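Take a look at the structure below.
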Amino acid sequence: MLINGMTCTSCSNTVEQALQATQGVQKAQVALATEEVEVHYDPKVLSHNQLLQSIEDIGFEAILISTGEDIDKIHLKVDGIRNDHSIEAIENSLRALPGVQNIDIDTALNKFSISYKPEMTGPRNFIKVIQSIGAGRLKAMIFPEGSGGRESHRREEIKQYYRSFLWSLVFTIPVFLISMVFMYIPVIEHRLETKIVNMLTTGAILRWVLSTPVQFVIGRRFYTGAYKALRHHSANMDVLIALGTNAAYFYSFYSVLRAAASPDFMGTDFFETSSMLISFILLGKYLEVLAKGKTSEAIAMLMDLAPETAILLTLDDEGNVIKEEEIDGRLIQKNDVIKILPGAKVASDGFVIWGQSHVNESMITGEARPVAKRKGDPVIGGTVNENGVLHIKATKVGSESALSQIVRLVESAQMAKAPVQKFADRISKFFVPLVIIISFSTWLAWFLAGKFHVYPKSWIPNSIDSFELALQFGIAVIVIACPCALGLATPTAVMVGTGVGASQGVLIKGGQALESAHKVNCIVFDKTGTLTVGKPVVVNTKLFKNMVLGDFYELVAAAEVNSEHPLAKAIVEYAKKFREDEESPVWPEAQDFVSITGHGVKAIVRNREIIVGNRSLMLDNNIIIPVDAEEMLAETEEMAQTGILISIDREVIGLLAISDPLKPGAREVISILKSMKVRSIMVTGDNYGTANSIAREVGIETVMAETKPEQKAEKVKELQASGYVVAMVGDGINDSPALVAADVGMAIGAGTDIAIEAADIVLMKSNLEDVITAIDLSRKTFSRIRLNYIWALGYNLLGIPIAAGALFPGTGFRLPPWVAGAAMAASSVSVVMCSLLLKNYKRPKILENLEIRGIRIE
């Protein structure tokens, strides 16, 4: 949900606390930077409309963006509606469709917002049903863009602040000129000093008339915000602005009334203070929302990857194309057949049913080289088809697509608070009341000092008296203090950091992951698929008995074809070389097949007992391993290869050496991590010999081999108990216990595998160097957050004493309230701009210079 009216951390805390106190709400997370709230609630206890109402009850406006991840929403405009009966007929017809969850109708715009399950129905079905009603009189289409939602809300907010600022200038500039410029032009000054009633001058009336609309019409938003905050026993930025401007305005108003009533009153008004304060604060808010819009550009860029149109194919029963039509990309439904032309974006996740081409997937997976695609191969929506024509069948549309998952992941990351945000939240509780106390104390101290002649009379400027001097110091203090900057310090940096990460192929799931990653000093690597390519191949075969190699592999492949293990697949793939005449060879039937996790397989093939596996499996089955097989096994492990023993009828007949090549740059990455003072450890289910050999090759000193998934998690916990902040890098499946146990879980995964729940960070390119990018980016982001806090607190720690008149006794320098207001506005803008500089993030130079060697598998 979008929340209108939040100005600083105390506002977001008020909304969060109110939601968490609502029965049925499990979790509520408010993001000040995006002005959004994410609520997890029990739909059996309350509805989303009740949530919207509860937010409005505490004085904020709420707009629903999304109701859930498995539900899609489409907005349709229907032309030709004549009366309420037509609307009722459309609603009833739509509700009768399977998968339709909810329908919201805006009768003024003839807009139908339909929430539905994409696997059951889709927008073309809705349009077809609507147009079948009313004898073809009704016409339905997707509602034009800019009608609600996050971006239109952001644009409207920017427009509102821009309009308010321009209107404030219309009144403030004349007030400024009358107060500070025309007084030095004798002819104009004479007219402005003309007395109308007693001591009331023309200039004073003009200043009063011009500043009143600024104070009460243009500045109305600050009164509203202050009222909402005070109603809920909290104080925010609006309270400070309302107090400061009211003090200036109402003292000036009193001065005008007294001048009109007294023949000898010589008081001074400062209407320019209140109007200039409001103008500068509006300018600051305008620049702030403009800059905040840029912090979420990463999401907009991701959403732009989806193509606007698609070519829908209609096929006959034999699969021949009988019709082509261009449709809006948002109208694609599950199981549609889409034609992808060369140079066009792939319209949806799916698989190829006809054609051959190369697809550039770098925008989703980060893979630089185009990937060959032919019949049966998967494709990802938003990627670019390079040469051939493809026909694809859509399998995942709307919220199910890989692109939607990435967008959702980045969005939820930008919503999540970093633990360091608690620092700002704690300060904000006491900040505004403390500032009000300091401001009142400042006024009182200067007022009493003037009353009892503690300072010489010569210190008081000619145009004002000691009371007005004290009042100006008090107002300056109240307006220079800005809690906004403090509230924006963390979320804006996290937003930009996660957005930059997404553009680099590093998906960081929120502030917690970012904060933990910058402290990481130990990384635990899985071996297969992480340090190695994960595509093992048979590189050597040794037979210890006379046997035809083709017959040997036929028996082995027949046993292994039933296993899902990568090594089994490598053996079956190699065995196909002995059956070149067949594209998909049929292997003999395996009976009594048993897979022993982490060891190998057993089966009966052609009445012969086949056991394929490691040394442990042979010993467990009381099979004697010959000396030459042991020697060969040791040699294989020495060369960082995995040795697989094959027993036929309880006798070791052969040995297969399987190699899984190291990932390019693995050795360099471990070396760079060492230079970053990050310790590297390897854990693997493979045997000690192979594991140690691989570790030596990449430069890892500590190795844990022959471990089960739960043992990996135990190792992570041991390291944490030793005082390390541990990151686990794995493939996200068998490593999930360790990924969850680690302070930061990094999943090696690409494309449609991006939603690995266990991981905190997803490395989409599957490149090891992105481990360094993730750690470096988190360190840069957190140094930026620290800098933001220095900016935010620095403004207040330096500004408040100066505004209170600390420099006045020695130098005569005092900060006029309108200058203090400009400084306050600048503090928020500077914090957001400081965060935006993160957009210039570049990977460490050492990675750019890293010469990545290619992999060649013979």
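Glycine residues also receive a Cβ, built from the backbone N, Cα and C atoms like all the rest.
Across the range of the domain 'HMA' (1-63), the DSSP-based residue counts are 22 helix, 19 strand, 22 coil. The domain 'HMA' feature in TrEMBL is assigned to 1-63 (among others).
Per DSSP, the secondary structure of the domain 'HMA' (72-138) breaks down as 22 helix, 21 strand, 24 coil. The domain 'HMA' annotation in TrEMBL covers 72-138 (among others).
The feature transmembrane segment is assigned by TrEMBL to 164-185 (among others). With a threshold of 8 Å between CB atoms, the same-chain residues lying at least 6 positions outside the transmembrane segment (164-185) that come near it are 192, 203, 206-207, 210-211, 213-214, 218, 221, 270-272, 275-276, 278-279, 282-283, 286.
Among the features that TrEMBL reports, transmembrane segment is placed at 205-223 (among others).
Here TrEMBL flags 235-254 (among others) as transmembrane segment.
Long-range contacts of the transmembrane segment (274-291) within the same chain, counting only residues at least 6 positions beyond its ends with a Cβ under 8 Å from a Cβ of the stretch, are 154, 157-158, 161-162, 164-165, 168-169, 171-172, 175-176, 210-211, 214-215, 218-219, 222, 241, 244-246, 248-249, 252, 479, 484, 488, 817-818, 821-822, 824-826, 828-829, 832-833, 836. The annotation transmembrane segment is assigned in TrEMBL to 274-291 (among others).
Among the features that TrEMBL reports, transmembrane segment is placed at 430-449 (among others). Only residues 6 or more beyond the boundaries of the transmembrane segment (430-449), in the same chain, are considered here, and those with a CB under 8 A from a CB of the stretch are 10, 235-237, 239-240, 243, 455, 466-467, 469-471, 473-475, 477-478, 481, 483, 486, 800, 803-805.
The transmembrane segment feature in TrEMBL is assigned to 469-489 (among others).
Feature annotation from TrEMBL assigns transmembrane segment to 789-809 (among others).
The transmembrane segment feature in TrEMBL is assigned to 815-838 (among others).
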Which residues of the same chain, at least 6 past either end of the transmembrane segment (205-223), have a Cβ under 8 Å from a Cβ in it? 164, 167-168, 171-172, 174-175, 178-179, 192, 196, 238, 241-242, 245-246, 249, 252-253, 256, 269, 271-272, 274-275, 278-279, 281-282
Given the transmembrane segment (469-489), which of the listed stretches 235-254, 789-809, 815-838 has the most Cβ pairs that are under 8 Å apart from it? 815-838
Residue list, the transmembrane segment (789-809) vs rest of chain: Cβ under 8 Å, 6 or more residues beyond ends. 423-424, 435, 438, 442, 446, 455, 459, 473, 476-477, 479-482, 485-486, 488-489, 815, 820, 823-824, 826-827, 830-831, 834
Give the nonlocal contacts of the transmembrane segment (815-838) in its own chain as ranges (CB under 8 Å, at least six residues past its ends). 244, 248, 270, 272-273, 276-278, 280-281, 283-285, 287-288, 291-292, 294-295, 472, 475-477, 479-482, 484-485, 488-489, 492-493, 495-497, 500, 780-781, 784, 787-788, 791-792, 795-796, 799, 802-803
